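Only one structure is covered here, and it is reproduced in the block below.
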Amino acid sequence: MAGVKSVGKKPCATLGGPRISKPLFALALLILDSILVSLIIYHVPYTKIDWDAYMSQVDGFLGGERDYTKLKGDTGPLVYPAGFLYVYSAIKFITGGQVFPAQILFGILYIVNLGVVLLIYIKNDMLPWWGLGLLCLSKRIHSIFMLRLFNDCFAMTLLHCSLALLLYQKWHLALIFFSGAVSIKMNVLLYAPSLFLLMLKGMTIEGVFSALLGAASLQILLGLPFLLTYPIGYISRAFNLGRIFIHFWSVNFKFVPEEIFVSKEFASALLLLHLTLLGVFAHYRWSLHEGGLFHLLYSRLGNAVSRLFSVWQFLSCESRYKTLSREHITTVMFVGNFIGIVCARSLHYQFYSWYFYSLPFLLWKTPLPTSLRLVLFAAVELCWNIFPSNFYSSLVLLCIHLSILWGLWIAPSEYPYVDGKPSQTKLE
């Protein structure tokens, strides 16, 4: 079948045409998109959604309010962790709370984020050179950054920086960036199961603990002004996992009747499906060459527990590990997040930024023909640009998501390590 990628081999970078330097093409994309961003800022009207609410919440924080339950805006109470307040307080200081200079700032953020994403793709060498252009073609993403000024933009930029650092094996610094992203918006936690699995495979157990400690310390440090005053209010608002979204704004499950959409049974079923899919992919795909998930956990955590009986051995002994390949790191991170997207109870329009930049990578991981990959990519973009979403657009989007997920399931599992020979282990 066209597009099938052999394990351990690099995908072809051209389609029978001249070989074009990907870094140079990426630089050209950044320049051209910078021009487009400028035109959008200067000529397309800003859409008022959450900016005024953000500024109201920041005003309360800067005014000395430390009770999270009292920080509110015209769209409702503050529901993001403390990092959000620090970021938007800095934005208010720089822009004076004015929209136009904030749009310029978000335009710069868009280009920085695009540059980091292009670096991730170049280091993976998964797409043909022209495929990098897909990362610049979303009308909705341009709108989310320059015309809506959502906090998702900062969260995902930090997440992409974290992923780029992982590709360079900078685990501890990557965890700091990851924690910073979580402090702005909790959707980043969709990457957490994948990240933890990669840490177990690519770090010593001692390294895993120290990296997690650093990430947790950042969360505590950022939330300290609230944890010392009104800890319950902060934790319950900033890390509320039980929020019920409004049916009208759902892009992915608008075809589900509202009474079912808001029910606990529907939420529980999606959570169960999410955990099941993560477990299945982790066991049969991401841990295939280690003999499966349970064997990996036993070999890594079991050895650590046995060493705990000797404090000196625990502190000084380096457990064996191998360097993970860039393709494996990116695959596990992007697929893990995509599973969360498929099972998300509700996707609002700004949530497209959570996974848009992973779509070309995911599509090229599947054994689908290139023509079908492009059709699916365009269809996803079309669904996200239908406003308001309706029965058919949300159903089509779900079908596309499931098609991509199936393609990822049947795709060959890449060898996860930089050196060594692929294992012949088979899981029935």
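Yeah, the Cβs are placed from backbone N, Cα and C, and that goes for glycine too.
Owing to the predicted nature of the structure, the values given are computational and were not obtained by experimental measurement.
Residues or ranges marked as transmembrane segment in TrEMBL: 24-44, 102-122, 149-168, 174-200, 207-228, 329-348, 368-387, 394-411.
Cβ atoms under 8 Å from those of the transmembrane segment (174-200) belong to residues 80-84, 87, 151-152, 154-156, 158-159, 161-163, 165-166, 207-208, 211-212, 214-216, 218-219, 222-223, 239, 241, 278, 282, 286-287, 296-297, 300-301, 324, 328-329, 332-333, 335-337, 340-341, 351, 354 of the same chain, restricted to positions at least 6 beyond its ends. Ranked by Cβ pairs under 8 Å to the transmembrane segment (368-387), the stretches 24-44, 149-168, 207-228, 394-411 are led by 394-411. Same-chain neighbours of the transmembrane segment (102-122): 22-23, 26, 29-30, 33-34, 37-38, 40-41, 46, 51, 91, 94-95, 132, 135-136, 142, 145-147, 149, 153-154, 156-157, 160-161, 163-164, 167, 330, 357, 360-361, counting only residues six or more beyond its ends whose CB sits under 8 Å from a CB of the stretch.
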